[in-house]
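TrEMBL lists B:15-38, B:43-63, B:69-89, B:101-121, B:141-164, B:205-225, B:232-254, B:260-278 with the feature transmembrane segment. What TrEMBL lists as domain 'Iron dependent repressor metal binding and dimerisation' is B:359-427.
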Amino acid sequence: MNAFWIILTGCLVSISCGLLGCYLVLRKMAMVGDAISHAVLPGIVFALLLTGVRDSFTMLIGAGIIGVFTTFLIEFFHRKGNLQTDASIGVTFTWLFALGVILISLFAGQIDLDQECVLYGEIAYVPIDLWILDSGEVMGPRAVYISGIVLIIVVTFIIIGYKELLATTFDPDYAVCIGISTALWHYLLMGAVSLTTVASFESVGAILVVALLIAPPATAYLLTENFKFMLLITTVLGIITSISGYYLAVWLDGSIAGAMSTIAGLLFALAFLFSPKEGILTKSWRNKEQNGTLSKSF
Amino acid sequence: MENLLEFFSFADPNIRYVTLGSVLLCSSAAIVGCFIFLKKKALVGDAVAHSVLPGVCLAFIIAENKNPVLLVAGAFLTGWISLVAIDYITAKSKIKEDTAIGLILSVFFGIGILMLTWIQGSGIAAQSGLDHFLFGKAASLIGQDLIVFGTVSIILLAVVFLLFKELTLISFDGAFAQSIGFPVRGLELILTTLTVLAVVTGIQAIGVVLMAAILVTPAAAAKFWTDKLKVMIILAACFGAVSGVTGAYISYIAPSMPTGPWIVMIISIIALVSFFFAPKKGIVNRLIEKRRIQNQITEENILKLLFNIGEADEDYFKARTIKDIIQRRPFHVSVLKSGLSRLKNQGFLEKENGYWKFTEAGKTKGQRMVKLHRLWELYLTEYLKIAPDHVHEDAETIEHIITPELEKRLEEKLQYPKLDPHKSEIPYNN
């Protein structure tokens with residue numbers, strides 16, 4: 001049963017991450033996703049200090065705000081300070097992450113959060129942290145509900161804003177022409193990314209969220225040219241990653257989140273080599289074949 | 001205060017190691033970071049930093065102890081592979097660079113975490129302390145580490161010193177370097193190697209997660225103070241050294257505080273202060289400067305307008321209301337009012353119960369603006385053959401920045417013309 005809860009949480013988290021990651025990858029904002037995942041740390045610490053409970057609604061909101069604030073800061077230094085984007089991202093997130101780690105050490109006695117958890121989460125403890133009703137009824141692990149709710153939010157967001165997100169991602173000029181605010185959707189998307197990062201934080205850790213945000217969408221990107229298929233393939237990849245990641249971790253007796261990112265990387269490597277259209281090996285075979293038929297026809 | 005004296009007397013060899021180590025690491029990373037910053041590869045540094053983790057673990061699994069030379073070699077290997085992988089993925093597929101960086105960074109880090117937790121579960125006794133690579137622990141630096149890191153720092157400095165011209169060239173203009181026959185690929189390889197070396201030495205103190213800050217933040221901060229590369233490198237190295245010492249000091253007075261994040265915090269504060277308050281390039285100064293120029297343009301436009309109205313009425317010193325002015329040109333009322341009162345303070349205008357009129361100085365200045373405007377319109381039609389109905393907009397912008405020298409040359413070139421393309425008289429001041 002424990003394995004089931006862990007894998008279920010992993011699936012929920014990786015699907016939410018993957019769906020949003022598709023937009024990040026296509027908008028060339030993968031590293032902004034990375035920055036947000038680091039920068040929400042102080043938000044999480046503050047929320048923990050204020051409420052004292054993990055998984056609280058306050059925590060999601062607080063970190064969501066910090067995430068959007070991070071994107072704003074990156075833009076601000078870039079636009080107003082003439083700082084190049086890569087440096088702007090690098091400076092902003094390392095600063096906020098350092099702040100988060102310092103806060104953790106400062107309030108070590110008051111909050112239940114350690115540095116390892118920040119890095120690779122504690123998905124193995126998901127089944128222990130149960131949601132128990134006042135009547136004493138056990139409802140199952142709390143993390144499952146949290147990541148489930150976030151997945152519902154993410155899917156609703158994508159369904160409602162599908163047209164707007166698509167337009168602002170592929171053709172921002174056209175989007176502006178038909179009256180869609182690119183800035184609004186940009187910040188809404190960033191808000192959604194922050195929310196997902198925070199919700200996934202406890203299970204996979206602040207940094208490995210990035211693997212789930214980027215690797216499955218990048219893999220799907222190599223496998224299809226249809227955006228809807230890309231979302232679908234990402235979802236499937238997320239599920240495969242969670243299941244096989246869990247068993248790899250059990251086999252090696254190591255971190256589940258680490259194993260999940262290893263699998264995600266492996267899947268990408270496979271697609272990179274063997275994708276029917278884009279794989280470098282398939283491409284070179286195709287070339288050889290074509291050269292063969294060409295020389296035969298002469 | 002006692003702590004401060006005790007710390008800076010460096011009597012305790014431990015303090016000496018830690019401080020010296022932090023300073024060496026931070027400043028040599030900052031120097032290499034300048035070139036990475038200029039090549040716009042800040043996030044690549046981040047990727048290398050995360051990617052050394054599996055190498056460190058691999059070296060440990062092979063050696064079963066924390067031999068610093070082996071760990072550095074292992075870190076070097078995977079750090080290097082990560083850079084090659086990013087380049088390869090970007091070149092050979094439709095994946096963009098940012099995605100490739102994020103992918104390699106997180107996957108390598110994930111593999112590293114998996115190996116690290118595997119080592120921790122395997123029960124090899126010497127593994128304790130290996131997780132210092134995650135957040136760094138400058139406070140645990142010992143003499144042996146210092147020798148390794150000192151050597152690496154000297155190599156870094158020597159290479160940067162010897163290849164300064166070449167590295168500068170490829171950082172600013174790789175295509176040009178290639179065209180004049182520099183071995184650009186080889187030099188980039190050297191820069192890559194330097195990056196990996198800097199990262200590998202730094203992670204012991206800072207940890208893989210925050211290493212990127214030590215590379216790039218000092219360079220970003222220094223960039224706001226100067227335009228000269230040499231000055232920028234020296235400044236960045238100083239910023240790095242200051243944060244290294246401060247970080248070491250903070251973890252000395254408060255041992256529960258992590259050194260790495262504090263070093264990053266200090267260097268980030270230096271950077272934030274630079275971003276906002278650096279003279280010339282700082283955000284605050286740029287805002288002030290922008291405001292000053294906006295004000296100057298408004299003032300000059302008001303004077304010009306008053307002169308135009310006066311020209312039409314043939315009475316330059318008649319008092320005008322705000323309404324009169326707005327009728328001729330749609331200023332924002334608040335902008336106009338503040339502009340008028342500034343002009344009064346500067347002595348160009350006088351105000352009498354709600355009416356505004358020129359002083360002698362005001363008329364002269366308004367006249368000059370009108371003259372510049374018309375001279376430029378004439379210049380555009382005469383020399384650039386632009387149709388007279390297309391020249392107004394351009395003159396409207398340039399009139400504010402024409403210097404007296406340029407004014408003189410325009411007059412000479414156009415031979416002191418009497419009329420502009422719209423047949424308005426060009427007003428001379430005599």
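Including glycine, each Cβ sits where the backbone N, Cα and C put it.
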How about the transmembrane segment (B:15-38) and the transmembrane segment (B:232-254): do they have 3 or more C-beta pairs under 8 A, pairs 6 or more apart in sequence?
yes
Same-chain residue ranges lying at least 6 outside the transmembrane segment (B:260-278) that approach it to Cβ under 8 Å:
22, 26, 135-138, 205-207, 210, 213-214, 217-218, 220-222, 224-225, 239-240, 242-244, 246-247, 250-251, 284-285
What residues elsewhere in the chain lie close to the transmembrane segment (B:69-89), defined as a C-beta under 8 angstroms and at least 6 residues from its ends?
44, 47-60, 62-63, 95, 97, 100-101, 103-105, 108, 148, 152, 192-193, 195-197, 199-201, 203
Could you give the residue numbers and ranges of same-chain residues that sit at least 6 residues beyond the transmembrane segment (B:43-63) on either side and whose C-beta is under 8 angstroms from one of its C-beta atoms?
33, 36, 70-71, 73-79, 81-83, 86, 98, 101, 104-106, 108-109, 111-113, 115-116, 119, 124, 126-127, 130, 133-134, 195-196, 199-200, 202-203, 208-209, 211-212, 215-216
With DSSP as the yardstick, break the domain 'Iron dependent repressor metal binding and dimerisation' (B:359-427) down into helix, strand and coil residue counts.
44 helix, 2 strand, 23 coil
Overall pLDDT of the domain 'Iron dependent repressor metal binding and dimerisation' (B:359-427), taken as the mean:
90
